[in-house]
Structures are given as C-alpha cells and as structure tokens.
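S.K.: One structure, as structure tokens, below. Some questions next.
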C-alpha cells in the first residue's frame with residue numbers, strides 16, 4: 001500500500017515538473033532555440049555567383065574565377 005502511494009506521488013511530481021518545464025519553454029526561456037524557417041532558408045541559399053554575375057574584392061564565383069578588371073564572374 002505504501003509503495004503504491006509513493007509511486008502515485010512520484011508520477012504526480014514528475015508530471016507537474018514536465019508541465020512546468022513545458023510552460024517555461026513556451027514562454028521563450030529555453031537556452032537553445034530551434035532555427036526559425038527564415039534561418040533555415042538562409043543556410044540553403046546559394047553563396048556563390050553564377051557566370052556573368054558580379055564579383056568584387058572578395059570574389060564568390062561558383063566557377064572560382066573572377067575578372068576583377070570588369071567585376072564579372074567567368
């Protein structure tokens with residue numbers, strides 16, 4: 001009988017703890033937030049310019065070659 005009471009109290013305590021933790025996460029108190037859809041989109045965007053695209057002092061050409069005289073990716 002005592003064991004049953006202890007188990008019931010333990011389950012109630014753990015349930016209350018989970019609900020309290022879930023409430024704090026819902027309010028934005030978590031340490032590591034999941035990426036927003038906009039952040040995921042930024043990671044998936046292309047980071048280089050196609051042939052004919054502009055390039056400058058820091059060339060980011062997909063082909064790897066930048067004509068710095070005219071500022072165009074080759």
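Cβ coordinates come from backbone N, Cα and C, glycine included.
Okay, so Swiss-Prot annotates it like this:
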- 1-22: signal peptide (SIGNAL)
- 48-62: disulfide bond (DISULFID)
- 55-66: disulfide bond (DISULFID)
- 61-73: disulfide bond (DISULFID)
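Please go over these features one by one and say how buried each is and what sits next to it.
M.R.: A 10 Å cutoff on Cβ-Cβ distances gives residue 62 (disulfide bond) a total of 13 other Cβ atoms nearby, all chains included.
Counting Cβ atoms from all protein chains shown, residue 66 (disulfide bond) has 21 others lying within 10 Å of its own Cβ. Residue 66 (disulfide bond) falls within a strand segment according to DSSP.
In the three-state DSSP assignment, the secondary structure recorded for residue 73 (disulfide bond) is strand.
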S.K.: Could you tell me the C-alpha distance between residue 55 (disulfide bond) and residue 62 (disulfide bond) in angstrom, no decimals?
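M.R.: Here the two Cα atoms are 11 Å apart.
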